[in-house]
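Student: The disulfide bond annotation in Swiss-Prot covers Cys172-Cys196, Cys186-Cys247, Cys238-Cys251, Cys344-Cys461, Cys455-Cys465, Cys531-Cys542. The annotation N-linked glycosylation site is assigned in Swiss-Prot to Asn119, Asn341, Asn433, Asn481, Asn508, Asn538. Positions annotated as region 'Important for interaction with fusion/F protein' by Swiss-Prot: 124-152. Annotated region 'Involved in neuraminidase activity' per Swiss-Prot: 234-239, in sequence order, evidence recorded as similarity to another entry. Under the heading transmembrane segment, Swiss-Prot lists 27-47, citing sequence analysis as support.
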Amino acid sequence: MDRAVNRVVLENEEREAKNTWRLVFRIAVLLLMVMTLAISAAALVYSMGASTPRDLAGISTVISKTEDKVTSLLSSKQDVIDRIYKQVALESPLALLNTESIIMNAITSLSYQINGAANNSGCGEPVHDPDYIGGIGKELIVDDISDVTSFYPSAYQEHLNFIPAPTTGSGCTRIPSFDMSTTHYCYTHNVILSGCRDHSHSHQYLALGVLRTSATGRVFFSTLRSINLDDTQNRKSCSVSATPLGCDMLCSKVTETEEEDYKSVTPTSMVHGRLGFDGQYHEKDLDTTVLFKDWVANYPGVGGGSFIDDRVWFPVYGGLKPNSPSDTAQEGKYVIYKRYNNTCPDEQDYQIRMAKSSYKPGRFGGKRVQQAILSIKVSTSLGEDPVLTIPPNTITLMGAEGRVLTVGTSHFLYQRGSSYFSPALLYPMTVNNKTATLHSPYTFNAFTRPGSVPCQASARCPNSCITGVYTDPYPLIFHRNHTLRGVFGTMLDDEQARLNPVSAVFDNISRSRVTRVSSSSTKAAYTTSTCFKVVKTNKAYCLSIAEISNTLFGEFRIVPLLVEILKDDRV
């Protein structure tokens, strides 16, 4: 609706501007015609009565005076034209931005009052500070000319840490998931009390908050609602998404190890939950026996979901039941993606054979590990109208953790490099009638992940692997035609080990100068990144939520790393 209103306003402004210029042109032409007639008449009169050179000299005097009048009139009209241009080109856009800020502030105030009255809690729907209006979920840098790698991250900035950390040596916080809408952000992670390798019991921390600007102009994330789901349910692999009703979350309910789950014949239980703006959490079990009837194991992709067309879209992956309709539909399908300027030397037939085998790794008993996308209607009823899309393996690699993102009008699926292909992948995604279609991906050759041989960071040939680590890229730089040019992200810059986290801006081939968390021996794991802009200052920032090793309190500490995106004009 906002987009339609903006389009109407712009069309009206363009129509008014055209009418104004047309009127100015007509007045100028009319004045010139009148002056021409006056000059002609004066010349005729003088020529008829002229008898001496002095009489003829008077004609030039009249003409000169007339020219002065015309020049004076045109100058006054030029002032009008200049004022019109200033109004249309400079002042009107600023006035519109101020009006938008006023409207958003009014909506914020009304939402607090209306929601507070409705739930008797005094709590309403939160909204980011006005400084961020137009700077969230947008194409932040539109540039056809500059080298992508001339943009680079600043040093990490000190800001309010909104993520709880372990409080004992045996505590474990892992698997962060983050999503941010134009009104609020959502964050979740898993909490294990007895070490990160315990699969039997865990808590799930879920929070809702907004972006604020301090009195000194610093960015900070303000948590407004949070809950620790500490019950008998063992929620795992959760993905979160910011929706108009709060924070929607999709989790699997796990009672066994991943390997045991793939050996089973029934799908994994899943739950759709929501933390509302009133701080209350509700959830509903999905009917996986119908929705995932062809699956033996199914998990959310860990990365954030996205709200698109009144539905929330989550990444999903898992194992297909052998010879089921979904499994049969993928039989013989494969795709081979190649490294930039680094061709695999293996024979083509061998590459194809290895690519096909990569979808059925031995670790999971030869089950086909499949990518999928689950969409659920967002309404006051949870788990409403779920629809599962299984993309063809002629587009996607072996199923893996992932994230669904929306930037501007474009949608993407990030797929973790769990298989042989190391560079980060972003599949363009289109949605229609509750289902999604994926297209050939953008690849970022220098944005790699560590992995075990033969699928290490520098690998270039198809192989069967379960490796890698989740490190998603965020679309940052676009062409004017809305195609993607560059991304921001935090990668683990090592061949095989989960070491050396660095943040950078990446194009399809190379990367910018990097910002390092610490030394190259620093242990790390998952990272998820999101970028936004403070419109008031026109500064772009990126947040990388990263699992960093923590030797004293727990194995990992989840740290929100904040950078400003700078530009080196010398590049």
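Note that Cβ sites are derived from N, Cα and C of the backbone, with glycine treated the same way.
Quick one: where do these features end up spatially?
Tutor: Cys196 (disulfide bond) counts 20 other C-beta atoms within 10 Å of its own C-beta, drawing on all protein chains shown.
DSSP classifies Cys247 (disulfide bond) as strand under the three-state reduction.
All protein chains included, Cys238 (disulfide bond) registers 26 other Cβ atoms within 10 Å of its own Cβ.
Note: Cys461 (disulfide bond) has non-local neighbours Cys344, Pro345, Asp346, Gln351, Met354, Tyr420, Pro454, i.e. same-chain residues 6+ apart with C-beta under 8 A of its own C-beta. Under the DSSP three-state reduction, Cys461 (disulfide bond) is assigned to coil, being neither helix nor strand.
In the shown protein chains, 22 other C-beta atoms lie within 10 A of the C-beta of Cys465 (disulfide bond).
Taking Cβ-Cβ distances under 8 Å and a sequence separation of 6 or more, the neighbours of Cys542 (disulfide bond) in its chain are Pro153, Tyr474, Leu476, Phe488, Ser503, Ser529, Thr530, Cys531, Phe532, Leu562, Val563, Ile565.
Secondary structure from DSSP puts Asn341 (N-linked glycosylation site) in coil. For Asn341 (N-linked glycosylation site), no same-chain residue lying six or more positions away in sequence has a CB closer than 8 A to its CB.
Its own atom aside, the Cβ of Asn433 (N-linked glycosylation site) has 6 Cβ atoms within 10 angstroms in the protein chains shown. Taken residue by residue with DSSP, Asn433 (N-linked glycosylation site) is part of neither helix nor strand, so it is coil.
Asn481 (N-linked glycosylation site) has a Cβ environment of 7 other Cβ atoms inside 10 Å.
Long-range neighbours of Asn508 (N-linked glycosylation site) (same chain, six or more residues apart, CB within less than 8 Å of its CB): Tyr340, Tyr442, Thr443, Phe444, Asn445.
Residues near Asn538 (N-linked glycosylation site) in space but far in sequence (CB under 8 A, at least 6 apart, same chain): none are found.
Averaged over the region 'Important for interaction with fusion/F protein' (124-152), the predicted model reaches a pLDDT of 93.
Residues 175, 177, 188, 190, 199-202, 204, 249-255, 271, 299-305, 314-315, 401, 403 of the same chain lie 6 or more positions beyond the ends of the region 'Involved in neuraminidase activity' (234-239) yet place their CB under 8 Å from a CB of it.
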Student: Near Cys186 (disulfide bond), which residues of its chain come within a Cβ-Cβ distance under 8 Å, counting only those 6 or more away in sequence?
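Tutor: Spatial neighbours, sequence-distant, of Cys186 (disulfide bond): Phe178, Asp179, Met180, Leu206, Ala207, Leu208, Val240, Ser241, Ala242, Gly246, Cys247, Asp248, Met249, Leu275, Gly304.
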Student: In terms of DSSP three-state secondary structure, what is the assignment for Asn508 (N-linked glycosylation site)?
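Tutor: Assignment for Asn508 (N-linked glycosylation site) reads coil.
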Student: Non-local Cβ contacts of Cys455 (disulfide bond) (under 8 Å, 6 or more apart, same chain)?
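Tutor: Same-chain residues close to Cys455 (disulfide bond) (Cβ under 8 Å, separated by 6 or more) are Ser419, Tyr420, Ser422, Asn463, Cys465, Thr467, Gly468.
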Student: Taking every protein chain in this structure into account, which of the disulfide-bonded residues Cys172, Cys531 has the most other Cβ atoms within 10 Å of its Cβ?
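Tutor: Top count of Cβ atoms within 10 Å goes to Cys531.
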Student: Express the distance between the Cα positions of Cys238 (disulfide bond) and Cys196 (disulfide bond) as a whole number of Å.
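Tutor: Taking the Cα atoms only, Cys238 (disulfide bond) lies 16 Å from Cys196 (disulfide bond).
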Student: Among all protein chains shown, how many Cβ atoms are found within 10 Å of the Cβ of Cys247 (disulfide bond), not counting that one?
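Tutor: Excluding its own Cβ, Cys247 (disulfide bond) sees 28 Cβ atoms within 10 Å.
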Student: Quick one: DSSP breakdown of the region 'Important for interaction with fusion/F protein' (124-152) into helix, strand and coil?
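Tutor: Helix, strand, coil within the region 'Important for interaction with fusion/F protein' (124-152): 6 helix, 5 strand, 18 coil.
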